[in-house]
């Protein structure tokens with residue numbers, strides 16, 4: 001037998017004739033499959049309600065050689081379940097099942113099959129049933145029906161099809177009796193129902209509790225962004241929603257309306273052989289600070305660049321030079337008060353407190369207008385300085401009440417200071433790590449909870465009770481912890497990572513607290529490194545600086561949840577004694593001895 005033609009889709013309005021190589025017209029057989037194989041045999045459209053008692057199945061299974069032989073297709077025509085469609089036949093169920101000659105042949109064959117089937121033992125019947133199920137004769141998605149099916153089969157097929165409909169598959173699986181089916185068919189139905197229940201359409205209908213995104217919603221180019229773990233070169237303004245970026249010797253502000261605006265020209269610091277190491281917006285006004293490698297602190301006002309008519313003068317409002325000439329690594333602002341204050345951490349381990357104050361220069365013979373302008377001048381005043389770490393200060397953080405200061409250093413520790421008296425700070429605890437500590441964050445909704453993260457030789461996030469210095473919990477990560485940010489709306493914390501797994505690098509991980517389970521991971525196909533990160537003014541997104549000279553924005557939360565002021569519930573500190581000290585009532589009545 002020659003190799004069969006590929007099957008064609010039936011069209012009652014077009015001719016089914018085909019011209020062979022000799023020029024003669026031949027009838028196209030629609031039901032001959034594409035290839036002679038077991039898969040082709042299984043894909044043949046069979047009866048929707050095929051009953052194995054009417055089939056001419058052999059008591060012994062056919063050999064693989066028979067399935068792959070051309071004679072198999074000749075014998076398939078005589079089984080009574082296969083009929084070619086000629087050009088004279090109309091495509092209807094009545095015409096297919098009403099060919100008189102083939103009808104008699106199939107009827108006689110079916111009656112003989114019934115008589116033979118009634119003589120079979122139970123084991124032989126089960127064997128035939130399993131063979132029919134394995135070949136797919138009773139799958140519910142048949143295309144053609146050549147003979148009338150019984151009511152019992154129709155009810156069973158209806159129940160199975162309902163499982164794949166819009167209803168709940170879990171409810172149908174609980175009510176449908178799969179013991180009446182063979183193991184292969186039961187597995188088929190369950191697998192398809194599970195796939196249906198886990199389809200994207202059903203997942204879209206489920207309301208999401210938070211926005212999960214594995215890709216940034218905005219990426220900004222940042223050429224000359226220094227790949228430095230100890231620098232903090234991005235800041236996000238809470239008052240103007242602008243982003244401040246330090247690029248080498250230059251500083252830029254990016255806004256959605258104006259785009260990138262140059263703040264500090266490259267020439268200003270390059271002539272002094274200096275560069276930018278730290279930038280920070282004041283959280284409650286328009287001031288911002290730029291720190292440099294040689295201890296310069298530059299004070300700017302955003303109004304001078306966006307609300308002033310003279311935008312060509314890009315000079316800082318005030319410049320302060322430290323006596324140590326050491327680099328400014330990090331900066332932390334106090335809460336709003338009568339005086340605008342902030343701490344800076346330096347390369348020599350010092351922590352200095354600065355104030356922004358008005359400057360008055362009463363000079364004679366000045367006009368009234370000039371005198372009023374000079375009275376509005378502002379400047380920086382050094383309040384106090386003390387040695388906080390033995391080596392370079394890497395990170396710094398203030399608690400909510402501004403009476404505790406956490407300082408992370410390159411000496412593999414974080415020191416906790418009581419600054420109730422700003423003139424006489426007292427060291428309370430030294431919190432150890434195995435590498436430099438840059439990532440430090442006080443919890444905004446649990447006042448005595450502090451999180452710290454270690455460098456590349458530590459790679460651990462630790463949680464401390466600040467009143468006692470107790471280590472509450474810790475979790476090991478896959479990379480160098482470069483920043484920690486608490487969520488203001490959820491009991492969650494975000495960690496960003498630097499050096500870590502080069503084959504499968506993780507940039508960001510969102511953890512729940514206190515369970516510390518991973519809720520979201522942002523991975524990168526390339527070995528990227530996050531240098532630092534800041535939270536958005538809306539507390540829904542974070543902005544990260546990476547070593548590929550880009551600034552990336554990730555949305556992690558939504559604004560449906562309200563900002564949490566304070567949480568006083570059991571489990572936050574993981575200790576009954578500490579929770580008792582914090583005034584948290586436990587759900588169980590246990591005596592503390």
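Each Cβ is built from the backbone N, Cα and C atoms, and glycine gets one as well.
The compositional bias 'Basic residues' annotation in Swiss-Prot covers 1-11. Among the features that Swiss-Prot reports, compositional bias 'Low complexity' is placed at 12-25, 94-109. For 1-26, 94-125, the entry in Swiss-Prot reads region 'Disordered'. Annotated repeat 'WD 1' per Swiss-Prot: 226-264, in sequence order. Per Swiss-Prot, the feature repeat 'WD 2' maps to 271-310. Summarising the annotation, Swiss-Prot assigns repeat 'WD 3' to 323-364. The repeat 'WD 4' annotation in Swiss-Prot covers 388-427. Annotation source Swiss-Prot lists repeat 'WD 5' at 432-474. Look at Swiss-Prot and you will find 525-564 tagged as repeat 'WD 6'. Here Swiss-Prot flags 29-35 as motif 'C-box'.
Proximity of the repeat 'WD 6' (525-564) to the repeat 'WD 1' (226-264) is established through 3 or more Cβ-Cβ distances under 8 Å for residue pairs spaced 6 or more apart. Helix first, then strand, then coil: DSSP counts for the repeat 'WD 3' (323-364) stand at 0 helix, 22 strand, 20 coil. Broken down by DSSP into helix, strand and coil, the repeat 'WD 5' (432-474) contains 0 helix, 24 strand, 19 coil. Confidence in the repeat 'WD 1' (226-264), given as mean pLDDT, stands at 95. Taken residue by residue, the repeat 'WD 2' (271-310) breaks down under DSSP into 4 helix, 18 strand, 18 coil.
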